[in-house]
Amino acid sequence: MLPAAMKGLGLVLLAALLCSSPAHGLWCQDCTLTTNSSHCTPKQCHPSDTVCATVWITDPSSSRKDHSVNKMCASSCDFVKRHFFSDYLMGFINSGILKVDVDCCEKDLCNGVAQAGLSPWALAGGLLLSLGPALLWAGP
């Protein structure tokens, strides 16, 4: 039989393995000029992309408050702002024809609808950590 210290170390290593997420690129919602965010789809970003961005373009003069949504991966929030606040669009923005809002975040799918619940691996890890002391005391 293994000594209690070895069981404890094994339990810690197993919990760390279950709670860690695999190394991968950032995932963001992706869509262009849609009026309905449900039309966006998850996309794995390029390794150089560090943020998920959402850009709302609205027509403030419209009684319906027409808008379009763009969601994407990006290397930085500044890059997105430079792109959408380019010289071409600035004429429309300054004249009040368009309003542009940019929001950036750094977690997987953070630019989409809030996700309910937790990862099954995180739940398994939490269960293992909460049952760990009982398993150690139970012994062989």
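Cβ coordinates come from backbone N, Cα and C, glycine included.
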- Pick from C45, C77: which one does Swiss-Prot say forms the disulfide with C73? C45
- Disulfide-wise, see what Swiss-Prot says C77 is paired with, picking from C104, C105. C104
- Could you tell me which of C19, C40 is bonded to C31 by a disulfide, according to Swiss-Prot? C40
- Message: Need this for a regression test: disulfide-bonded residues C40, C45, C73, C77, filtered to those with Cα within 10 Å of C110 (disulfide bond). What's left?
- Response: none
- Could you round the CA separation between C104 (disulfide bond) and C28 (disulfide bond) to a whole angstrom and send it over? 11
- Note on the structure: Cα of N36 (N-linked glycosylation site) to Cα of C28 (disulfide bond), in Å and rounded, measures 16
- For the domain 'UPAR/Ly6' (26-91), the number of residues DSSP places in helix, strand and coil: 16 helix, 28 strand, 22 coil
- From disulfide-bonded residues C28, C40, C52, the one whose Cα lies nearest C105 (disulfide bond): C52
